[in-house]
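Q: What TrEMBL records for Gly275, Gln276, Pro277, Gly278, Ser279, Gly280, Thr281, Thr282 is ATP binding site. Residues or ranges marked as domain 'FtsK' in TrEMBL: 255-439. Positions annotated as region 'Disordered' by TrEMBL: 515-567. What TrEMBL lists as transmembrane segment is 66-97.
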Amino acid sequence: MARRPLPRILTNSASIARSREFARTAADSATDVFHPLIAISRGLRRLAVVGRGRWSATPKERRSPLLFLVAAGVLAVALVPYGPLLALIVVTGAAAWTGRDRAPARTGPGEAESERLQALYEALVPYFSAEGDPHPLYTHDGDWERAFTEYRFDDSGRLVRLRLKYPAYFTDGEAPSRARVEQVLHTRSGRGREYHFAWDEEAGQLVLTVLGALPTDIAAQPFVTAPGETVLGFTGPGSVPRTLPVADEAGTRDVPPVVWRTGGRSTEPHLLALGQPGSGTTTLLRSIALQALHHGDVLIIDGSGTGEFAVLAGRRGVLGVESGLSGVLATLEWASHETERRLIAANRARQAGRAAPDDTRRPLWILADRPTTLTQLAAAEGRDDPQRLLQVPLRYGRAAGVTVVVADQFQSAELLSDPVRAHTRARVVLGCAAPEEVRAVLGAPPRTTAPAQMPAGRGYARLGTGEVLRLQVPATPDPFDEATGEAHRQAVLALLPEHPVPADGVAPGRPVTFAKDAPAPERNGAAGDATVPAGPVGATTAVPSLKAAGPTGSVAVNGSEAARAEG
C-alpha cells in the first residue's frame, strides 16, 4: 500500500515558522497597547488584597466605627463638586502606581552566562596576550568585563552578539591571525550557526554577530530590476542597501538581493561560478538564462551533456543549446565573429554620427556550463580548445554587449584558461568549500562562517572588489526532472518564452547577415566534423550544424544533433 503523504501543514516548516513569528508579533503588540489597562487591573487587585488584609487584621469591636468613617468619607466626596471624578482619578492613579512592574531591571548576565563569557575569555588568552605586557588585557583567571564591552544572549542562553577589545600589538591585518581568533569564537559560541565577524582595526575591537539563515523558499519569478541588472540570489539583511519584493506561499515580502550589473558601463561584465557537484552552479546558469531572455539572446554551452538546459531549446531568444564538441566549436566561432561584427558596426555608426544599430544593442549572453569537460575532449581528439574561442567575447564583450558566464567545478578549476580567469571579475562560489578555496576564487576571505548544512545554491558572491556576500540562488530546477516539485516546475515554466515553431515542429534557424556570403563549410566525411573557416570580418559567418544552411543562410543550432554525430 502506498504511503499517504503528510498534510501540507506538517511539511511546510517555513510557513509554520512565519505563522509563529506573526502570532508572537501580534501578541507583543497587543501587550503594548493594553499595558496601561493591565497595570490598572493589577493595581486594583493588589489594593483589594491589601484592603481585605487590613479588614481581617482589624478587631471586631473597631470595625463599626471604621465603617462609619468610610461611609462619611464617601458621602463627603459625593457632595463635593467634582468629587466623584476626583475620587476616580485618585483611585486610578493609586491602582496604576500599585500595579506597576516592580521586577528589578537586569543589570548583568546570569550565573550560567557569566561562566560562558569567562570560558570564552580564557580561550582567547593565548591569542591576545604577550610576554612583557605590563598591563595585559587578557590573562588567565582575569576579569572578562574589561575585555567584553557588549554582549547579548537569546532566550536559550546562547550568545548572539559580542563586542570585545584586543591589544594594539595583535596582528589584525594578517589573515591567519584573524582566522585563528574567529575559529575560537565560532567553536566556543556554539556550532551549527552562522557568525559574522566585523574587525575595527582603528578602534581595536571585534564584533561577533549571529546571522539568521538565508531564505531557501524563494522560487524563480520575475524580479523587479532595470535592464542590465541580473539577480544572482539573495543575501542577509543589512548586507546591501536595497530590497526586492518577492512572492512566496505566504504572500509578498522584501528581501535583500545580490544584483549583478552588466553592459557597457559595468566594471565586472563577465562572471565565473565554481562549486562542488550538486552545489547549484547549473541552477544559477538556468536562473540567469531565464532573466536574460527578457532583454536579450542566449547561447548555451552544455559541457556535461546531461540535458539540464533542454527545456530552453527552441525557445524564442535562445540561439542554441550545444553539447557536442563540433557544435560547440562552431557556435563559439560564430560568437567570436559576432562580437567583432558588433564592434565594427558600432564604431562605424559612431563615426557617422548615428546611433548604433539595433542588432548590436541587443544583449547577447554566452552561458558555458563545465567547458573544461570539452577542453579535455578536444585535447584527446587533437582539436582546438573551446575556451580559446571565448577570448574575443571575454576581452571585447563589454563594449559589444556580449556577456559571458562560465560555471565549472573545483576539481577542474586548473583547466580554466587564462582569459577566463582574467576577465571574469564577478565571482560566485557555491557549496561546501574551505576558506582557502573561497579566498582563492573570490580574492578575499568571507566575513562569515559556513552554515552546518549547505543547501543547493548556497554560497558566496563577490562583484569586482566589493564585499564578499552570502548568497542563496533562487530555486530554479529543471522542470523535466522527476524530482522537481510541482510548484517549482510551474514557476520555471511560467518564465519560459514561447516556442516560435510552426506546426510541423521544425524551428527555423537564426540568420546572421554580413556584407557578403562566405564559402560553404567543407565536409570531410563525418557529419559532426563540419567546420567553418575563420574568414575576415565582414564575411558571412553562420553557426553550422548537421543540416546544411538554407537558402537564406540561416542554420539551426542543435546540441543534440551534434552529440549524436559525435557518438
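Cβ coordinates come from backbone N, Cα and C, glycine included.
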Q: Where does Thr282 (ATP binding site) sit in DSSP terms: helix, strand, or coil?
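A: Assignment for Thr282 (ATP binding site) reads helix.
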Q: Take the Cβ of Gly275 (ATP binding site) and count every other Cβ within 10 Å, whichever protein chain it belongs to.
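A: By my count, 27.
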Q: Cβ within 8 Å of the ATP site centroid (Gly275, Gln276, Pro277, Gly278, Ser279, Gly280, Thr281, Thr282 excluded): which residues?
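A: What remains near the Cβ centre is Thr283, Gln409, Leu430, Gly431, Ala456.
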Q: Sorted by position, what residues of the same chain at least six away from Pro277 (ATP binding site) have a C-beta under 8 A from it?
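A: Looking at Cβ-Cβ distances below 8 Å from Pro277 (ATP binding site), excluding near sequence neighbours, one finds Gln409.
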Q: Starting from the Cβ of Gly280 (ATP binding site), draw a 10 Å sphere and report how many other Cβ atoms land inside it.
A: 29
Q: What's the number of neighbouring CB atoms sitting within 10 A of the CB on Thr281 (ATP binding site)?
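A: So the Cβ neighbour count for Thr281 (ATP binding site) comes to 27.
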